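Visitor: Pasting in a structure now, in structure tokens, and then I'll have a few things to ask.
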């Protein structure tokens, strides 16, 4: 009789263990789905892809709860470094960039702008909000816009290494000939963040303007590639963006030594980097649209866009 009771007791304990384990697993699955949906994923958009093949979220309007995600990041007391380059006639875009950023960009969070320019005297006096800072750094003038474009990776690499380690948690690197039109905030943060190019977000891969010459370090074969990313906006953690900029700078230096220049300069090298170092988060073309006057059925809100300009007039060697 004693042996029989002992067996019943052991089976009871085993049943309790299995039951609790299953309950815990079910709870974990439900909460994971809930947090995944509310923080990164799928709150109701069925007309667009909201996740990549490697399970990175793609941020569109309707795929995040701004109240929930803002409250989470508010507790972390983060600082977002933001770099922008304005050389030559590109200083004319600074006023709209800064004023619109103060209205829409990480509102309520600490932001430190790092502005690189060859004309510090042309930087407009824009009133910044509380815990919003601007540091102006002087650069020498350059004769070719391509050199301006390709020099950025090395400059950003040095900035992160020498200054930002104790100053910021995340960094975004943005073009200056742009303007904010809507919210760009903590929903965009991630370890490594790429922005899908507005010209190619709904295009087949064979249309992507990757570097196709094998001689270049930016070369991507025709059968490879996931998305085409813009070089006008990218970001992430300091560690990950430092590795990105260092790698791209090294690859561009190899190309220079071999007398080759990638078709779209640092953007080509950025796309090669993202091919082998998958972004942990993708931002939809809402976060860099082509022109505020252009629309698409998929893009419900334009948060950030290039401004119309005459390239031949503002670029030094055109």
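Just so you know, glycine gets a Cβ as well, placed from its N, Cα and C.
Those TrEMBL annotations? Automatic predictions, nothing curated.
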Visitor: Pick from 9-30, 31-52: which range does TrEMBL record as transmembrane segment?
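Guide: Of 9-30, 31-52, TrEMBL gives transmembrane segment for 9-30.
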Visitor: Compute all pairwise C-alpha distances among 90, 175, 176, 177, the residues listed as binding UDP-N-acetyl-alpha-D-galactosamine, and give the largest one in whole angstrom.
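Guide: Per the listed residues, the maximum Cα distance equals 10 Å.
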Visitor: Around the UDP-N-acetyl-alpha-D-galactosamine site formed by 90, 175, 176, 177, which additional residues qualify by having Cβ within 8 Å of the site's Cβ center?
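Guide: For the UDP-N-acetyl-alpha-D-galactosamine site, the extra neighbours are 84, 85, 86, 93, 97, 178.
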Visitor: By Cβ count within 10 Å, point out the most packed of the recorded positions listed: 175, 177, 267.
Guide: 267
